[in-house]
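Sharing a structure, written as structure tokens. Questions coming.
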Amino acid sequence: MANENYTLHGFVITGFDHLQNQKLLGFLILITYMLILLGNGINLCIILTDRHLHKPMYILICNLAVVDIMFSSSCSTTMISVLLAEIKTISYYSCISSMYFYHLGDITICMALTLMAIDRLIAIMLPLRYHNIVTNSRTCLLIFLTWLIGFAFVGFMASMVDSVPYCRQPVIRYVFCDHPSLIRAACVDPEPYFFIPVMISLWLLCGQFPFILCTYALLAYSVTKLSNNSSKKQMISTCSSHLIVLFSYYAPKLVSILLTRIGVVLNLTERNAILIVASLIPPLINPTVYCTRTKEIRKRLADVFFLLLILILLVIYL
């Protein structure tokens, strides 16, 4: 954290300095963040308060909602502080904490999507044995293991950041604290420190993503074999919801990699834009998809709104 010439107290975030409409972008990020909290909070409240929804699939949706809140909060609060409060300096430990929870969310979202794909695969391929294989306790155990893996990976990344020297007032040229920005702000050659994070990213993109796609390919094949049209429509609706969530998470990452592979050099502004989209759009889309496309949640949400409407009318007329 320090050397003989300089004691580190914090970082200066300059990723937004070149923008003219900083307040407008700040309000957009603030509104998006509030919608993320509202949507995921509604999903959590509906599932936790309705005993009929205490099933493996809804436990997985709850897990995804918790991860979405953590993932978006780790970056949104910093961006809102810089853009609206004009506080560009962030303390060392606040930055490290934000980086930790950001990458923890990034990894656990990916593994949460993998668990949801496996859950749907078993439900369609082995419908008669599904309730024996996929139980609430086993689902919670698998969720715990994904978090444990995430804690281990991100803990190692955080230890690398904590070990590098900073010989001047470190400047983060990106829009919030993450591993690459902190390493590039240090007085070291950054390339050796990127090896492990790159391996983790490759595992997520080249390991988990193709596996998930294969599970949905099997699901699509199995759905075509169903004779009951009602069951077929239900499975298609459920799987399409998962696919929307899946591609909202992976699309920004794949676009960035594809542009790099075809020789398109992204400037800092474009990289920051992709980073913001990748950090805020998936947590915003996820609760929207599950609220509108999952029948049980949609029905429960309609009941809640109807009850609120009755209460408002009673307050007005009494």
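Glycine too: its Cβ is placed from the backbone N, Cα and C atoms.
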Match it up for me: which of 254-271, 272-289 does TrEMBL list as transmembrane segment?
272-289
Tally Cβ pairs under 8 Å between the transmembrane segment (24-46) and each listed stretch (100-118, 200-223, 272-289, 301-317), then give the stretch with the top tally.
272-289
Give residue numbers and ranges for long-range contacts of the transmembrane segment (200-223): same chain, 6 or more residues beyond its ends, CB-CB under 8 A.
107, 110-111, 113-114, 117-118, 120-121, 124-125, 153, 157, 232, 235-236, 239, 242-243, 246, 250, 253-254, 257
Grab the pLDDT values for the domain 'G-protein coupled receptors family 1 profile' (39-290) and give me their mean, rounded.
87
